[in-house]
Amino acid sequence: TAAESFNYKKFFEMVGLKKKSPEDVKKVFHILDKDRSGFIEEDELKFVLKGFTPDGRELSDKETKALLAAGDKDGDGKIGADEFATMVAES
């Protein structure tokens, strides 16, 4: 996909995340949470596509920030498991 074109709603649908059970969504969260902090931080979000496909590109800074803003409901600068689940549910 072209740079700056990342749409998390389309992406979640494309990878079938939307149809997954809450348990499976949590598993995906843990895959993306590389440092096991219980949160997906901005530097981890950048690699979200690689979590699903090895040849996935890195998100641009603009895309990463937009994704963070979409998921970070409490404004703490990172996405928790519940916030991630909500994001998937809303997509």
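Numbers here mean position along the shown chain, with the first residue as 1.
A Cβ is built for glycine as well, from the same backbone N, Cα and C atoms used for every other residue.
Going by TrEMBL, these are the annotated features:
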BINDING   ASP33, ASP35, SER37, PHE39, GLU44, ASP72, ASP74, ASP76, LYS78, GLU83  Ca(2+) binding site
DOMAIN    20-55  domain 'EF-hand'
DOMAIN    59-91  domain 'EF-hand'
Beyond the flanks of the domain 'EF-hand' (59-91) by 6 or more, those residues with Cβ under 8 Å of it: 3-4, 6, 8-9, 12-13, 17-18, 20, 22, 25-26, 28-29, 32, 37-42, 45-49
Of ASP33, GLU44, ASP74 (the binding-site residues), the residue whose Cβ has the fewest other Cβ atoms within 10 Å: ASP74
Residue distribution over DSSP helix, strand and coil in the domain 'EF-hand' (20-55): 15 helix, 3 strand, 18 coil
Spatial neighbours, same chain, of SER37 (Ca(2+) binding site) - Cβ under 8 Å, 6+ residues apart: LYS78
For LYS78 (Ca(2+) binding site), the number of other Cβ atoms found within 10 Å of its own Cβ: 19
